[in-house]
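Okay, handing you the structure first.
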Amino acid sequence: MLASREWYSRPRNDGAVSANTRGGACYSKRNSTHANTQYQRNGRTQMLGEEGTWDLPTPANPTNGGEDEDLEVLWDGPDDPADPRDFSLILRWSMVTILTLCSLCTIFTSAVYAMTYDQITVEFSCSTLVATLGLSLFILGLGVGPLFLAPLSEFYGRRPVYLGAMALFLLWLIPCAAAQDIQTMLLSRFFSGFASSAFMTVAAGSIGDLFSQDDLQRPMMVYTATPFMGPIIGPLVGGFINQFTSWRWSFYVVIIWSSALLICIVFFMPETYHPVLLRQKAQRLRRETGRAYYAWIEKTDKSIATEVMWSFARPLQLLFLEPMMTCLCIYTAIALGILYLFLGAFYTVFTHNYDFELYQVGLSFLGLLFGTLTSAATHPFWDWNYRRLVRQREANGGEPGESEPEYRLPPAIASSILLPLGMFWFAWTTYKSIHWIVPIIGSGFFSAGVVLSYNGILTFLVHAYPLYSASAMGANLILRSVFAAAFPIFGVRLYEKLGYQWATSLLGFFTVAMMPFPYLFYRYGAQLRAKSHWASSGHSKK
């Protein structure tokens, strides 16, 4: 995938050159008559070389000097109205809200299906195990889709991908709602998951297009909360829908929701990907002036086929060749797999043990919701702890402002305690003699651990593998999608064969086995990174 880089404005008349971080843009070589001119980059004054060129990577097939090289199209200063980061604050936050609702709709659709099993198994004459495949195939589509859609967004832009993805998602929801057999349902579920996956990965890039690094944390926090809210809100709402109406209304609701979102995308989601916008600007200038204006993206020799191939190959290389990556990805994959397994386990436990109605089963997910919100509320503490570690490093002689990727892992260390605690609490309180609120409280500890594990581990991976952060996220996405797709399938048999207590305990033992890894990588991560061919062995900026 095209790397996230920086756009630099043209030299001003006074000879100074300003640098502004621009997500998704690319470096280019620039001629200048101002040798040794100072410019600002990331808040530090640096110098141009003796020949007046940037000491940065150059694009493939650059121009060979001459007048054309001065005609590269960049942003017109820090207040260019065409720059997405200079859009009005209201528009930018409106776009974040739309993307967040699209992401929530996607995960809601994956989870609300779990509340339809009773009606679907009767109407389609299939087993619960076969019906569960509809959940697993949707999640599998979520995992596979970004490997194709993310490269497309970097060639054609975000907006066409969003429009196509939401339209296809809506199209595949229709056969889900109208299905007359389980085969139609399963096929449609996979492709609806595939299409909607754009809002789980490409959307994060759009938010990076809209906000600078200094302003990115808050909108990204809002957006990243949705993957954990969807598996909880879906069953909660789905319980009421399937208790009092037909299962088909589970899909009618999503069709109405996604139709409204498609309208919002059409009218309120302009293109945000910087290289594509600059390409459009270059094309307009060529038409108006007849001169050879160009954008960097037009000079690359990358192809869609190559990018798709690497979107598969490099994440797999990281998974199989990087022990640190493998262990941490398995850790998050187990956590998400169990969360999706709970979609079926809660129904089994609370209907059989406590005679819950379907809507009451949905309400039992409030424990997971409370744990998710509580862990999200601890973010200021973890941010304070991170800054404390940075100050401690500076006091011990470290460079001011530099940190270690391992400083991002304390939330994951806390999760290594909360995950098994929640699992065993839930496991051994699911007796009829124990009040139903007790296992629900235990599930809250588990969901808090899930959120903290993702908060710590995903941030660590981005900082530990800065050159391959997209591939690191791809590796994590592939593995957790496989686990989240597989766990609900074997979970049905697991609870039938072992019973509620030992089935949940077996899953708890998996979390116990993974407990040491966040701390071990916090303690010895620097040494492991120094020996790695992929990870950064140096320090990162705050």
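Note that Cβ sites are derived from N, Cα and C of the backbone, with glycine treated the same way.
TrEMBL feature annotations, pasted as is:
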COMPBIAS  29-41  compositional bias 'Polar residues'
DOMAIN    95-526  domain 'Major facilitator superfamily (MFS) profile'
REGION    1-41  region 'Disordered'
TRANSMEM  95-116  transmembrane segment
TRANSMEM  128-149  transmembrane segment
TRANSMEM  161-180  transmembrane segment
TRANSMEM  186-208  transmembrane segment
TRANSMEM  220-241  transmembrane segment
TRANSMEM  247-269  transmembrane segment
TRANSMEM  328-350  transmembrane segment
TRANSMEM  362-382  transmembrane segment
TRANSMEM  409-428  transmembrane segment
TRANSMEM  434-465  transmembrane segment
TRANSMEM  477-495  transmembrane segment
TRANSMEM  501-522  transmembrane segment
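Help me picture where these features are in the structure shown.
Residues 87, 131, 134-135, 138-139, 142, 162, 166, 169, 173, 189, 192-193, 196-197, 199-200, 203, 206-207, 210, 219, 222-223, 226-227, 229-235, 237-239, 241-242, 247, 250, 253-254, 257-258, 261, 264-265, 268-269, 272, 340, 343-344, 347, 358, 361-362, 488 of the same chain sit 6 or more residues outside the transmembrane segment (95-116) yet have a Cβ under 8 Å from a Cβ within it.
With a threshold of 8 Å between CB atoms, the same-chain residues lying at least 6 positions outside the transmembrane segment (128-149) that come near it are 106, 109-111, 113-114, 116-117, 120-121, 161, 165, 182, 185-186, 189-198, 200-202, 308, 311-312, 340, 343-344, 474, 477-478, 480-482, 484-486, 488-489, 492-493.
Same-chain neighbours of the transmembrane segment (161-180): 102, 106, 109, 124, 149, 152-153, 187-189, 191-192, 195-199, 202, 248, 251-252, 254-255, 258-259, 261-262, 265-266, 269, counting only residues six or more beyond its ends whose CB sits under 8 Å from a CB of the stretch.
Tertiary proximity for the transmembrane segment (220-241) is limited to same-chain residues at least six positions away from its ends with a CB under 8 Å from its CB atoms, namely 96, 99-100, 103-104, 106-116, 200, 203-204, 207, 247, 249-250, 253, 339-340, 342-343, 346, 358-363, 365-366, 368-369, 372, 376, 379, 447, 450-451, 454.
Residues of the same chain lying 6 or more positions beyond the ends of the transmembrane segment (247-269) and with a Cβ under 8 Å from any Cβ of it are 91, 94-95, 98, 101-102, 105, 108-109, 112-113, 115-116, 119-120, 123, 158-159, 162-163, 166-167, 169-170, 173-174, 176-178, 237-238, 241.
Sequence-distant contacts of the transmembrane segment (362-382) (same chain, at least 6 residues past either end, Cβ-Cβ under 8 Å): 115, 221, 225, 228-229, 231-233, 235-240, 243, 339, 342, 346, 350, 356, 410-411, 422, 436, 439-452, 455-456.
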Calculate the per-residue pLDDT averaged over the domain 'Major facilitator superfamily (MFS) profile' (95-526) and state the result as an integer.
90
Taking pairs 6 or more apart in sequence, does the count of Cβ pairs under 8 Å between the transmembrane segment (501-522) and the transmembrane segment (409-428) hit 3 or more?
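By the criterion, they touch.
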